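Here is what Swiss-Prot says about this protein:
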CARBOHYD  Asn55  N-linked glycosylation site
CARBOHYD  Asn125  N-linked glycosylation site
CARBOHYD  Asn129  N-linked glycosylation site
CARBOHYD  Asn143  N-linked glycosylation site
CARBOHYD  Asn153  N-linked glycosylation site
CARBOHYD  Asn157  N-linked glycosylation site
CARBOHYD  Asn164  N-linked glycosylation site
CARBOHYD  Asn169  N-linked glycosylation site
CARBOHYD  Asn179  N-linked glycosylation site
CARBOHYD  Asn206  N-linked glycosylation site
CARBOHYD  Asn267  N-linked glycosylation site
CARBOHYD  Asn331  N-linked glycosylation site
MOTIF     401-405  motif 'Lysosomal targeting motif'
SIGNAL    1-25  signal peptide
TOPO_DOM  26-365  topological domain 'Lumenal'
TOPO_DOM  387-405  topological domain 'Cytoplasmic'
TRANSMEM  366-386  transmembrane segment
Amino acid sequence: MGCTRGWRLLLLLGLVCVGALQGRGQEESREVSLQYNPGSSDTSVNVVHVRAVGNGSTIHYVWSTIGTPTVLLIFTHSETSQLQVNWTKLLSPAPQGALRIEPAESVSYATALLFTRIFEYQDVNNTANFSGTDEKYFYPAYNLSDFLWDSANATINATSLSANLTGYNASDPTDSFHNGSVSFRISAYSSSGRDSSSPRLRHTANCTKLEFLVAGVRPRGNNSRFALEMVTIEKEGRKKMESVHSIDDEYTPTIFEMMQLVPDAPNSSHARGFLQWKSVAYGSPSGTRADILPCQLHPLRPFNTTFPAGSIAHAYFGDDLADAYKLEAFNISFGIADGDFYDKNRFLSWSALIGYGEPPRDSFSILVICIMAVALGTPLLLLIVGTLVVTALRHKVYSNYEPIN
């Protein structure tokens, strides 16, 4: 009886492991292309178009540093939908309607994320309490719409599906950007997998990665910390924050939390866009455990500030952007109480995924699955072998028994 039960448990464990490994190979893939300034040879402005085709649909990601740095996510239920750009209108003071998807009726969902400001504050007590810091300790915020941006043309890599958007605050009177910059590194994916660089985010073909970098910028104080302000756009309903916890910290030691920003639309008949990240940033390019900087998400709030009308959000959504859509702002601050300040390495890196559908779920690696299988399977195997040995010995004893007359 015990032997049969042990075999069943061992068989069940094997099926679970095989199922977990097979499940990794059944995830969808897309044909992904990356194009710089489609339809224009002008390299003084940046529009990067990522087109991901497959499964009867197309996901368009449009990144740009025109006006406020922005990424558009547009989902269509057609594999032939195309981005059309009216460059004359896009570069004019009234860009509304300069970006569109053809055929227009194929669009089933569109959203945008704008990167508006970088805050720098003096953490005099080393508490990393961004929201609780008095206003007098804040330096003037960096408005990213005022930055000058390098041409991304030389950074476009059609093979690795990546590009860099790098900018400087040329009007800063403190000359903090003399040897420094702010960058957005873009990476697209044609299939599921996991990044090789920290924080080793798990991705699917339905998302792209954003890496926000502050490198070499001279802080305006010895105990400076930073925060990034972003604005989301949603037509139906608002956004909501979700915290997803895991028991596994294999890829990001000591970090067990994944944060997600998703639409709060429980009655929606179709999927929506998402922003997902681990609650961690890094204070060094090496991205090791010693470089970890926990990051904190601050509550969503209505965005009532008028941002420059030159962004691609205006170019796509049009004049009714503020009236017909929900605009919400939120901040992510970087640092931990009693931790190192930015000035130590003058480097900050934070990564997130922007995508459509269900956010990727973190999972155990094949190595961990094998270790678990060995750890759980070995005792079962020993139990089975032990049961067989004991049964065999008992049978031998009984077979050699000779009754005494």
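The backbone N, Cα and C atoms fix where each Cβ goes, glycine too.
Residues near Asn206 (N-linked glycosylation site) in space but far in sequence (CB under 8 A, at least 6 apart, same chain), listed by position: Glu28, Arg30, Ala52, Ile59, Gly355, Tyr356, Gly357. Of the glycosylation sites Asn55, Asn125, Asn143, Asn169, Asn169 has the largest number of other Cβ atoms within 10 Å of its own Cβ.
Look at Asn179 (N-linked glycosylation site): DSSP puts it in coil. In sequence order, Tyr36, Asn37, Thr43 constitute the residues six or more apart from Asn153 (N-linked glycosylation site) in its chain with CB-CB distances below 8 Å. Taking Asn55, Asn125, Asn164, Asn331 as the glycosylation sites under consideration, the smallest Cα distance to Asn179 (N-linked glycosylation site) is found for Asn164.
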